[in-house]
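Here is what TrEMBL says about this protein:
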type: TRANSMEM; residues: A:12-30; note: transmembrane segment
type: TRANSMEM; residues: A:67-86; note: transmembrane segment
type: DOMAIN; residues: A:72-293; note: domain 'Ion transport'
type: TRANSMEM; residues: A:92-112; note: transmembrane segment
type: TRANSMEM; residues: A:133-152; note: transmembrane segment
type: TRANSMEM; residues: A:194-217; note: transmembrane segment
type: TRANSMEM; residues: A:229-249; note: transmembrane segment
type: TRANSMEM; residues: A:261-287; note: transmembrane segment
type: TRANSMEM; residues: A:414-432; note: transmembrane segment
type: DOMAIN; residues: A:415-663; note: domain 'Ion transport'
type: TRANSMEM; residues: A:472-494; note: transmembrane segment
type: TRANSMEM; residues: A:533-555; note: transmembrane segment
type: TRANSMEM; residues: A:605-627; note: transmembrane segment
type: TRANSMEM; residues: A:634-656; note: transmembrane segment
type: COMPBIAS; residues: A:744-753; note: compositional bias 'Acidic residues'
type: REGION; residues: A:744-768; note: region 'Disordered'
type: COMPBIAS; residues: A:754-768; note: compositional bias 'Polar residues'
């Protein structure tokens, strides 16, 4: 064979391979469009699941992310957790077989969900993820516990359902519990530092206790109950620990103070060092660590988001010219956005495109494409002017002079002030005795005034504007007033029918009446800012709510096993002599019984939760040590350390950081470049709209059909950025740390290390 | 006259003027050297007094800054404040004329000091400064009050010494109270933001109270004392306010909870919103404002410091060549530094010069000169190796094999561990009953061990190293052990002499024994870091101590007028029946009397202060409302708002920020460029020193006479930066915000606006 032929063959081969490659690429583009959509929506919602890219796995993955199975999982977790209401010690006792059956059903659902997850992600990834191992272990342990417990109860032995403490851990380890896992990781990362401060704090308490023992133990002082004062070292340690929580101040100091004034120096020094210095140090350590690790996590999140967008870009990219930069065309982009967010309006999409395609080229590069996830996360309200329906129906009347005057009156600032005054007068009337007929009849008058206000506003403003999605206070007002009207009518009807007043309905009426007063807050600008800040950190507070739920549940389960039935509550009308000492003769004449704390017990899950809330506020637990053993205090000290020293400090850290961001944003410091871009464009759009129309806008988020050409609609359209709202908690967190994120981080995405390590790994308990 | 002659005349005139100018300049340089020294030391200690630059005023200003008059002023303020101990209601009663005479003396001292100040600064500046006006008003009001009070007591009328509340304000307005004024300014600047959050908070409390009244008022519930529960609106408001401080939790909730479990929802919601959300919001608002304004103040401080250095430079500057940059020669610089810090060692000064004169030119420019104040603020420890005195005295013995082994043993890590274990065993022995003869005799054994430890260390380490300025723990150890030894001997001597044991001496022995245990903390690295952080923020905490003193003093004075004698304490052995109700029949059967709180009263200034500390921890005040009027609660609520919501939050903010800086510094983030420069140089110096000598160094801060040439001393010298110590609180604050300070700020100093506004204006109450 000649060299020529070989060369020709190889040319042929290359050509063949090339054309095959082109064809394959063609197929892939259409097959992979789904994949691109999934990558973008994962980036949008910050999902971090490393799924298989086979078409079958992708379909399964789409099903996995469907809202229905996710809601179902949460529903069954809720059912599983609320089983505690029906199990021994129960609020509503159910037979054991019934609760066991329901629990088995729950376990089945979790197993199916986990199986589904196993199908979606590669086998090796599945087994490497501690989250999954954790769920499997929990499921197995629960099953074993149920079998043992079933066997024990069948043979009439005493069994403990110890696996109940594992239940809340499902909430942590379920795929959707990302926020909660992050909070737990923050805590775990801060633990070493907290631990050393805690050791020092304990050393300080132990030293002070030793000094108290030597100084006060031998003086023969007595506590108020006549017990010897500061004679037992462990008792002193516990008492001084409780003093840190301020629960027994100043009682613990009084015997020493009564003996001599100089001993107050000891206590004041103790309180200063331990309550103020050490507690501030705990907060400082938690705050610093929280900030540090959260920043790192958010950085990882942003990196992974960008990487997913780069993957989507790789699928959709085309080359305009030979050797040019790969780009995505407007057609592909439009189709992608439509699939990712089916509800998006055409003008909104057009706006996003014009932000991305700054130079109006018809295609965008990688950098502009990667922004898409952030762009979609900015909530844009599309406004369109629309006349009042009455104006359309009866223009002569609606546009007449008296009608116009009425409109002007209602729109005037004085209208708001008058109604604020009415609310204040109403508040006074509510405070007065409602059995006075004058007062109770005045309620009708106020109700009429409030109804009139709503009707007037509906007359002046377009109803669809008035009841738009973002008009929280209008909705609040209307619902409260109408509910109050209904409840008041029902109440009067009942009263006039049989002279009978339902306490429940009356309570509802009262609550509604008082809630009506809250509206005053909205009319003061300064208050609105503070309230908006508080509302905005709301979703993140929900994460802490879950965290608290997990910790409370575990402590409640343990507490119920330890203390159930030790303290009993007797009804006020009960004549049982045990009532005076909460049904436990050990409590006779104790402060616990005398303070009427009998209902603070661990006899069922509801009481336990209420008691744990009380313990969070003030650590009052002397009663439980009395009825069981002094070592029971360990339970309460542990609870204080976990909830007050760790979790509440994380909560305060979060609020501090959130307020800091909100205050900075209010001063215009943290406006992102992205939002500024849209703002510029919004102004450009707004130029078409006459100024006086701005107040007469309507949200038409899903209103414009695709048949309508966006250019034609533009003159009457206006965009408004709800920049302070975030669709996801992650977006809010990202905003919090945006100032510290390297904008050049994007470049690092090509880094192979980052691809394998940072991006698609599920952040789990082991990842930091 | 010809033109020539005119020209000649004018030439002559110019020459004459020029030579006169030169002569004048020559005089000025030597006369103004003092002025330059004052500018630099003002910059060093951050003094901001706009003094007259006439030679006479400069001399007065030097006297004004002398330590003696400053200490005297503080002493007389202390005397003035402590007069409260001797005035009615007194701890140690003195006749009115005696306290009045002392107070007159104090007023005289303050007047003289103010007069001195008036001589130092220009007249118009004096009258523009609210600080001075404030002092004059306080002095006048006090004088008027004393006259009125004297007249009233002379005619046997009842008089109130109302001007006593003004006394602590002297502490704020005295020239040296800069830190305190800054803290007050921080508070005042944060007030508007706090106020709006507070209004919202009060609105929340009022709304919740109204709801509580409507929901619970009509149910006929009873409190534990049998009073009607939640029937009076104002009582509810107060009770719910106290619930925010957690003082009456869960008592306030129990009647409702006992009635029905659903009411806990109300209380839990209340506690969540008001105790957790609002209290965190207060902290967040205070923290943000504190950071913001403190940063601005420190910026002003740095600007003013730089400007003073620029002034000093302007006095000392020379021109090397025609048209060249003005410079300061090494000779002038050396003289200046010697005058500013007379105690500085030659090598240290040489080091600073070599940092400033980077290129070894023999002169420095403006930029390098301005750094001087910061350079002098960095505490540099000069180390010099020196053999052990025993080695010099008896080298054959000290360098023998057994002696060397002993040294190696003592220097070994195990030696520390063995002594830590001894301390732990000692702790157990202290905890045991000391009346057991075995235990009490073991004390001698432990004392011997501790003494042995100190002697061994003195044998191994050079005594002057062991007792060097920075060896806090060695000093601590030695003082504690020797004091314990003396006290134990005295105690035993007393006991064996007459079988009599002095309780006071025994107490001291006990305290010393327990204090000895603290040493354990120092041997654990992690603890040392935390403790060092706490010690480092110590000076700043002193400022808060003064702040608290001012607020407590004012509240104590008002409280004593309102509540003195209303509650009486009877000794335990008293048989007076009034003992059961604290001498006030209104308190019969009240919780206050039953809890034995009688000693918590406002009957003298010491009791008042102790009570105020208790109120800071937990707001227990029901007793005082009972003995006077329900409106007395306003006093306690006001105290809570001022101390807990404002001052404690500022304190926590400070600790948070300080910990943040300390943690960042530990990780090497905030090392300043200046310190790095010296570090580089330190390494250069350290190269001459063999490594094994480093552990045998000695501080010789003032040791090297000026006769010794620094170059000759160098090989055995080493510099160490005590970078974590700050000579002044300002330096620490500056460090805290250094990262945010614009390094180019220096350029702005030439700005005329900055010169008149920012630089020399005394930061006062009106300046922000």
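Using N, Cα and C of the backbone, Cβ positions are placed for all residues, glycine too.
It is A:533-555 that, among the stretches A:194-217, A:533-555, A:605-627, forms the most Cβ pairs under 8 Å with the transmembrane segment (A:634-656). Contacts between the transmembrane segment (A:194-217) and the transmembrane segment (A:261-287): present, as 3 or more C-beta pairs lie under 8 angstroms, all at sequence separation of six or more. Under 8 Å from some Cβ of the transmembrane segment (A:472-494) lie the Cβ atoms of residues 443-444, 447, 450-451, 453-454, 457, 466, 500-502, 505-506, 508-509, 512-513, 515-516, 518-519, 522, all in the same chain and six or more residues away from its ends. Below 8 angstroms of C-beta separation, residues 72-73, 76-77, 79-80, 83, 85-86, 135, 139, 142-143, 146, 150, 153, 170, 174 of the same chain, each at least six residues beyond the ends of the transmembrane segment (A:92-112), sit close to that stretch. Comparison of A:133-152, A:533-555, A:605-627 by number of C-beta pairs under 8 angstroms to the transmembrane segment (A:229-249) places A:605-627 first. Within the model, the domain 'Ion transport' (A:415-663) carries an average pLDDT of 84.
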